[in-house]
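Enquirer: My structure is below; once you've seen it, I'll send some questions.
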C-alpha cells in the first residue's frame, strides 16, 4: 500500500472512533435531558464535553508560548458552527422530520449570554489586546452563565433516576475520552492528506481544518436530530453553549498566560463577531427554517472568502 492509502485507512479508523464518540455523547446527553432539561444537559454539559478538544489544544498552545495558534483554535469553530453547522443541522432536520426545527425549551438564557459574549468580543476588539484585564470579565461571563443554569436546574426539583444518571455518566466519560484521544490526530491526518493531494493552503486554513476540527460535534448534533424531533433543539443548545465557552473561557486562558495584540488575528475575530450576530438573529424566534439554513451554508463560505481577502 502507498502512503496515501495508509493515511486513508488510518483516517477511516479514526473516523469510526469519532462516530462512536458522537454516539456515546449523544446517548448520554439524551439521558440527562430527561431530568435536567435541554439548557443544562445541552448548553452546559454537552457544550463543555464537545469543546474539550479545542480547550486542551488552547491550554497546551498557550503554555508553549504560541498564543496566536491558541487564538485561532479558540474562535475558529464559532464561525463554522454558527453558519455551516446550524445550516446543515436545519436542512437535515427538515429532511428527517418534514418540518422546520423549533427550539423546545427556554432558550432565553443562551440568547442573552450569546449577546453578552458578542458585546464583550466587540469591546475586546476595540481594546485591541488579550491580557489579564480581558480575561477576568470573560471568565465572569461564563461563570455567571453556568451558575445561572445550575441554579435554574436546582429550583426545578426534577425527579432523579440514579441508574439513568450512572448510565449517562459512563456514556459521556467514555465518549469524551475517545474524543480527546482521536480528535487532534484526525485533524492532522486530514491536513497532511490534503497537502499531499495539492489542496491550496488557504482552503486548509479556512475550510478543511475547521470542518475536521468540529466534525464530532456536528456528528453528535445530527445523531440527536435523527433520533427525535426534540433532538434538533438539544443540538442547538450544545452549539450555542460550547461556543459561549470558546469565546469566553478559552480567550480568558490566553489572556491569563499572555499579553498579546489582537491585530494579527483581527479579521478572524471580526468574522467571529459576525457569526455570533448571525446566530443571534436567526435563533431569536426559536425557529430554524430551510431557507435560513441554506443562507447560513452560503454565508459560511462567503465569510471564509472575505476573511481571506480582507
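Cβ atoms are placed via backbone N, Cα and C, with glycine included.
Predicted automatically and left uncurated, TrEMBL annotations should be read as such.
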Enquirer: Can you check which of 230-249, 290-309 TrEMBL lists as transmembrane segment?
Expert: 290-309
Enquirer: Can you say which of 165-182, 183-200, 201-218 is given as transmembrane segment in TrEMBL?
Expert: 165-182
Enquirer: Please give the sequence-distant neighbours of the transmembrane segment (263-283): residues at least 6 beyond its ends with Cβ less than 8 Å from one of its Cβ atoms.
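Expert: Those are 68, 71-72, 75-76, 78-79, 82-83, 86, 103, 107, 111, 114-115, 117-118, 121-122, 124-125, 128, 236, 240, 243, 247, 292, 296, 299, 303, 306-307, 310, in sequence order.
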Enquirer: Select the range from 42-63, 75-95, 115-145, 165-182 that forms the most Cβ-Cβ pairs under 8 Å with the transmembrane segment (290-309).
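Expert: Per the Cβ under 8 Å count, 75-95.
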Enquirer: Give the one range among 75-95, 115-145, 165-182 whose Cβ atoms make the most pairs under 8 Å with those of the transmembrane segment (42-63).
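Expert: Of the candidates 75-95, 115-145, 165-182, 165-182 scores highest.
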Enquirer: On the DSSP side of things, how many residues of the domain 'Sodium/calcium exchanger membrane region' (11-149) fall into helix, strand and coil, could you say?
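Expert: Secondary-structure breakdown of the domain 'Sodium/calcium exchanger membrane region' (11-149): 120 helix, 4 strand, 15 coil.
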Enquirer: In the domain 'Sodium/calcium exchanger membrane region' (168-307), how many residues does DSSP assign to helix, to strand and to coil?
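Expert: Output for the domain 'Sodium/calcium exchanger membrane region' (168-307) reads 121 helix, 4 strand, 15 coil.
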